[in-house]
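Peer 1: Copying in the features that Swiss-Prot gives for the protein in this structure:
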COMPBIAS  214-235  compositional bias 'Basic and acidic residues'
COMPBIAS  399-418  compositional bias 'Polar residues'
COMPBIAS  580-590  compositional bias 'Polar residues'
COMPBIAS  1539-1558  compositional bias 'Basic and acidic residues'
COMPBIAS  1559-1569  compositional bias 'Polar residues'
COMPBIAS  1581-1595  compositional bias 'Polar residues'
REGION    1-24  region 'Disordered'
REGION    203-235  region 'Disordered'
REGION    348-437  region 'Disordered'
REGION    451-475  region 'Disordered'
REGION    495-612  region 'Disordered'
REGION    1448-1478  region 'Disordered'
REGION    1538-1595  region 'Disordered'
REGION    1611-1642  region 'Disordered'
REPEAT    706-736  repeat 'ANK 1'
REPEAT    740-769  repeat 'ANK 2'
REPEAT    773-802  repeat 'ANK 3'
REPEAT    839-868  repeat 'ANK 5'
Amino acid sequence: MATDGASCEPDFSRAPEDAAGATAEAAKKEFDVDTLSKSELRMLLSVMEGELEARDLVIEALRARRKEVFIQERYGRFNLNDPFLALQRDYEAGAGDKEKKPVCTNPLSILEAVMAHCRKMQERMSTQLAAAESRQKKLEMEKLQLQAVEQEHQKLAARLEEERGKNKHVVLMLVKECKQLSGKVIEEAQKLEEVMVKLEEEKTKTSALEEELSAEKRRSTEMEAQMEKQLSEFDTEREQLRAKLHREEAHTTDLKEEIDKMKKMIEQLKRGNDSKPSLSLPRKTKDRRMVSISVGTEGPVTRSVACQTDLVIESTDHVKKLPLTVPVKPSAGSPLVPANTKGNVCTGAALGRPGIDRQASHGDLIGSSPPTVPPPSANRIEENGPSAGSASSTPPLPNSTAPPTVQTPGIAPQSYSQAPPVHSLHSPCANASLHPGLNPRIQAARFRFQGNANDPDQNGNTTQSPPSRDVSPTSRDNLVAKQLARNTVTQALSRFTSPQAGAPPRPGAAPTGDGGTCPPVGRTSLKTPGVARVDRGNPPPIPPKKPGLSQTPSPPHPQLKVIMDSSRASNAGAKVDNKTMASPPSSLPQGNRVINEENLPKSSSPQLPPKPSIDLTVAPAGCAVSALATSQVGAWPAETPGLNQPACSESSLVIPTTIAFCSSINTVSASSCRTGASDSLLVTASGWSPSLTPLLMSGGPAPLAGRPTLLQQAATQGNVTLLSMLLNEEGLDINYSCEDGHSALYSAAKNGHTDCVRLLLNAGAQVNAADTNGFTPLCAAAAQGHFKCVELLISYDANINHAADEGQTPLYLACKNGNKECIQLLLEAGTDRSVKTRDGWTPVHAAVDTGNVDSLKLLMYHRAPACRNSLHEEESESVVFDLDQGEESPEGTSKPVVPAELINHADREGWTAAHIAASKGFKNCLEILCMHGGLEPERKDKCHRTAHDVATDDCKHLLENLNALKIPLRISVGETEPGSYGSDDFECENTICALNIRKQTSWDDFSKAVSQALTNHFQAISSDGWWSLEDVTLNNTTDSSIGLGTSSVRSIMLGNAPWSAGQSFTQSPWDFMKKNKAERVTVLLSGPQEGCLSSVTYASMIPLQMLQNYLRLVEQYHNVIFHGPEGSLQDYIAHQLALCMKHRQMAAGFTCEIVRAEVDAGFSKEQLIDLFINSACLIPVKQSPVNKKIIIILENLEKSSLSELLGDFLAPLENRSTESPWTFQKGNGTSECYYFHENCFLMGTIAKACLQGSDLLVQQHFRWVQLRWDGEPMQGLLQRFLRRKVVNKFRGQVPSPCDPVCKTVDWALAVWRQLNSCLARLGTPEALLGPKYFLSCPVVPGHAQATVKWMAKLWNAIIAPRVQEAILSRASVKRQPGLGLATAKKHPSQGQQAVVKAALSILLNKAVLHGCPLPRAELDQHAADFRGGSFPLSIVSSYHSYSKKKGESGAWRKVSTSPRKKSGRFSPPSWNKPGLSEEGIRIKAVSQQNCNRNASLSKQKSLENDLSLTLNLDQRLSLGSDDEADLVKELQSMCSSRSESDISKIADSRDDLRRFDGSRNNPAFSTVNPRMPVSPKEVSPLSSHETTECSNSQSKIELGVSRVKSFLPVPRSKVTQCSQNTKRSSSSSNTRQIEINNNTKEDIWNFHQNEQVEKPNQ
């Protein structure tokens, strides 16, 4: 471009050219496009575009001008007003010059053409105008509709505005409330925060206080422990020092007495010319050495029995130096005897002086010493407390027997035949009595030996030295060997006794360690084997100082009573080696006498006194009274129901340093076995020997042995000092139990030693340790009445509800023994009053049995402190039924605490506490029981006796006077109008229960009782099973399933006086009933008169909620029709709803009228019109609506055609306004418009299960209420109605399910359900029955025959005719679905008759007679009363059902009628050969037996006889229609099915019947009759077997009846299934069925059996 631009510029350098030429060139160069610049080109382009646009405008203007000129030139001469000119124009323009013809040649023709053209145009315009007018009309219609819509829209908009305004207001209110509530919430939150802060502060303070308190508790516990330790140390030291002092004193005294005795014995031996007296001294000293035990220095030498026999000799001279008295419970004992340091008191030892009495054998000394009276100093005996004999002439004797008693042969019989080492706690007498023939001087000497040996110390503590010569009882050889060393002494003694034949020890006797009842054999009897029985003589002379002993201070421990008077001398006989010995007990302390029950003499000796004492002989070697001795005590019967075990203190008391022989206790007299002699209730109740209790519980020292035994002894005797010493020892088992299971705690609690119990509990003793019978320490203390021990044990968490082996609790034992304080403590601790013993007794039984009024009051009225501590402040809640609040109530205004179940509890024999009190004449106890509102005085025992029957005269009078008024409570539904409303079977009144009204019953209690009775009754009649009122009370729901409750009550009549719940009169209910002579209480339910439906619900048993729903439908929709099977109470429901509506409208101020019209076949449409007009239901359009309410009921609409009767009224009924009028043509040709107003209600009833045909057109215009037989309310109505009938018959009581009445009612209910199931299965809904016909079922207790007869009448009169008509109607070929039963043939064919008879027979057997509660024999008699039961079902079974495969048409079925090929075994059944048919029947029965089929008909003989009479075999079942064929197949399937008793599984596909051929499991299909209305539920695919298989598990042989042939057909598939697999379950997975009603049970139809087996479907 630069070059271009440059070249465009003129070049002035070429001057030589002339000027003209230059100018021309310059001009050319200017217009050269190529030389133009870009901007110049753009300018040039724009100029050219402007020129083009100007040219276009000029061209357009020229064209327009040309057109105007052309038009003016051509058409300017023409005028539109002249048609000729137009025609001429067209002519000239249309054709060429050649074709142009002159237009005006014929003006007429031209005019005609113009006219024709105008006519055509006019016609076209007229059609267009008509179309425009129609469109205009449509537009106007649409405008009108639009205006109406706009008006509606405006109305809706206005309503919405109003609603929005209201909602806005509500929202504002809610917002305001929310703000207020949020403010309150904030305030509450602030308050809560403040409270939480305070709570935290309080928690902090509380925790600080708790810490301080725990610290204080720890300090106090530590201080107590230190104090206890110091006290125990002080006690130990004191006792040791005291024992040392006693030892020294005793030693000194013994030495003096020994010197005197030695001198006297030497003289006596010299006079007796005895050759062996020299042996006594060495043996004496030797024995002394052997028994010695050091006090404080030596530990207890606890040698076992076997060891001690050999080691005894090693203990040497410690005896003389250190005689030890162990502080046991202070008792009479010998101060001379040294024992082990810690209290190993030699329980069984004859504890003599150190010189003599400590020896194991003193027989030589006794035998040689002359009988002398011991000096007073030698006989210083202190008794531990006042024993019963202390005040008598006979002083209490020491607890240890003198050694001679055991050594001498005479002693052996006393302990047991061979048990010399028995520890006689009344030593002198026992020893003396052993040798009644002895010289009195020798007896006196022996007496002195014994007395000195057992003299107690000043504190009454016996110092006993363990014997050293005793041999282990298990080794008789050792025993005899040891005894041989003592033979000389024994022979010396025996010379002074009457000679007896030598009686060696009994072989086979139990060893010492046994706790058994037989006496130990191998005891260390110091007598020689040849020693004979020693005859007992008079008691020895009493030492002069003995009586004074009773004046010594008694120990602090409580003394237990003794059994016998010591002043009363009596001879007790003890059987020893079958010989009886007498012992004089008068000089013995009763507290120390022990009885051995096992050796009770069978024949008492003539000397036996009524209250003999018994000698407990003591082994001279120190044998303890062991468990062998005590275990003999179990022979006595227990007074108390439990605690039959001897006390622990009777356990074997083994002495550690000696050989312990369990010496048996020998019973001296049979009379000593008398219970009740002991004051210890527990002892006597436990069966202890009364003589044993003083031994173990009296103040005298009990025999002591090993540490555990010592512990039990100390606990038994209450020796706190010894117990504390023992508890401080290490390694001691404080929970040690003897063979009877008695622990130390048990013994202490049983004997009431509270201090010992506290010590043991603090030491950790097991508080709930039980003995062998399950009794705990608390049981023992409660039985004995030791309430302080009970309180202490409870505070240590003893189990207050512990039950012994027989079920006795501490409360029971306390009640049994009348221990009021213990009962109160246990009740306050919260013990259970309802625990029962094994015999069914409760504490109430126990208290009543003893006649203890205080105990019974406590049980009935005392509350646990959890409620209130005071017995009289509390007010118990009122009991449900009849409560007494007695004026005479022993507890003032308080009410019983125990429930009625406990008061009325019966034991094994059926006896209640009232039976016991009445039979024993405890009138006060019976009166207290009668104060309880729940007492049932009519309760019967197992012998059907009431308390009145077994009562004494006084108690009978009391029961008759205190018995409650029994007022029947009845429910009334008001007066029901008789007639055709379906209420004929409804009872006006029903008794629901009897109210017990007592003098103490208040009006509040009465009101609660009535309310509870009503609630229970409503729940009982509406429950699913037979529940009693007691079972129903567990349900706390206020309303029953039918909707009734206490709110349904209108008023209550007390006799003739009105009363309302909660109302009170000045008189009590008792007085009011008596004064007004009210014989019943009637409850009136609210009914239609009050605008309620409660009475209708109760009368008809239709749930209240459903009735209220029906009423709502009528009031809301105005047109309601009730339809269901005949007898479904449609008329009753409609009429009751109408009554309720009428009274509601009248209460609202309207007048109301009910108009009933019964429709029949002749009821015409004109009559209906007159009815509507006359009742003012149809009113003229010109007339304004009336305020009157009209309710029209059209009954039995099934008898007319709904479409014909109501067809014209459908629209006016649906749209009730003048806009939808109904025109009525009058007879004179005029018409008038009517309409239905809003105040008209129309109800109709139809007794038809379903609508058909043209009636279905009516269905959409009405609201329909369908009353199905298999759905509520009809399904449960009959069950509830009959249950209420039974309750009324039993006067309010619900019988048990096994009652015959219940079974009969259940059968009637099952008949109705099974019958409808079968009829539905057959496809005959016309024959379905509602429950109305079954409401009249008679309820006669004990007479089921009446119900069966009623069922026969119902069957013959109603059921069978309906079934017959329905079957014929279905079997007829030309069946019109609209007319139902009316078109059945009047003259049915024989085939149809056969079908009817077969159907009746099958229904009768499967639905009616099946499950009848009558025995088979009676049922066979009544079966003849039923019509149609004798038809031979073999006809049905041998009928061939034709196969029809899936997808085949009916035409194909008719073609393929030839039966399938049979197998070679069976010939095909023939219609024309009766023989073959009967053979088929027989074969069928055999096959059924093979399959374990158990279905049989009632009368086989009659069936067989009638086989040829019913129909000719040539004509049997020659059915001519598909309906008949389908029906027969239905019947066949019903026969073969075992689950048709409740056909809830309805399947139209069925099995082929078995035809005895080889084909197996071959199903046949049948089409559903297209003319029959079948619900989809009734169709299901075919299964290989329809319902169930035949299985062995379901086969039952009928009782007492051989199986008979069954003519019922069986599906072929079942033969195969039964033969191939008989153990399969009755339901198969291949079975596919559609269930109706969701029933999950299939019933097996066993005809004429009393039970009906059911199996659930899988």
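Note that Cβ sites are derived from N, Cα and C of the backbone, with glycine treated the same way.
I'd like these features described in context: how deep, what's nearby, how far apart.
Peer 2: Residues of the same chain lying 6 or more positions beyond the ends of the compositional bias 'Basic and acidic residues' (214-235) and with a Cβ under 8 Å from any Cβ of it are 721, 724-725, 727-728, 762.
The repeat 'ANK 1' (706-736) scores a mean pLDDT of 86 in the predicted structure.
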Peer 1: Kindly report the helix/strand/coil residue split of the repeat 'ANK 5' (839-868) according to DSSP, in that order.
Peer 2: 17 helix, 0 strand, 13 coil
Peer 1: Take the repeat 'ANK 5' (839-868) and find every residue of the same chain, 6 or more past its ends, with a Cβ under 8 Å from one of its Cβ atoms.
Peer 2: 641, 806-807, 809, 811-820, 823-824, 827-830, 833, 874, 876, 890-891, 894-898, 902-903, 905-908, 911, 913, 916-917, 920, 922, 924-925, 928-929, 931-932
Peer 1: For the repeat 'ANK 2' (740-769), jot down how many residues DSSP puts in helix, in strand and in coil.
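Peer 2: Across the repeat 'ANK 2' (740-769), the residues distribute as 16 helix, 0 strand, 14 coil.
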Peer 1: Using DSSP, what's the helix, strand and coil tally for the repeat 'ANK 1' (706-736)?
Peer 2: 20 helix, 0 strand, 11 coil
Peer 1: In the repeat 'ANK 3' (773-802), how many residues does DSSP assign to helix, to strand and to coil?
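Peer 2: In the repeat 'ANK 3' (773-802), the DSSP-based counts are 17 helix, 0 strand, 13 coil.
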Peer 1: Could you break down the residues of the region 'Disordered' (203-235) into DSSP helix, strand and coil, giving a count for each?
Peer 2: 33 helix, 0 strand, 0 coil
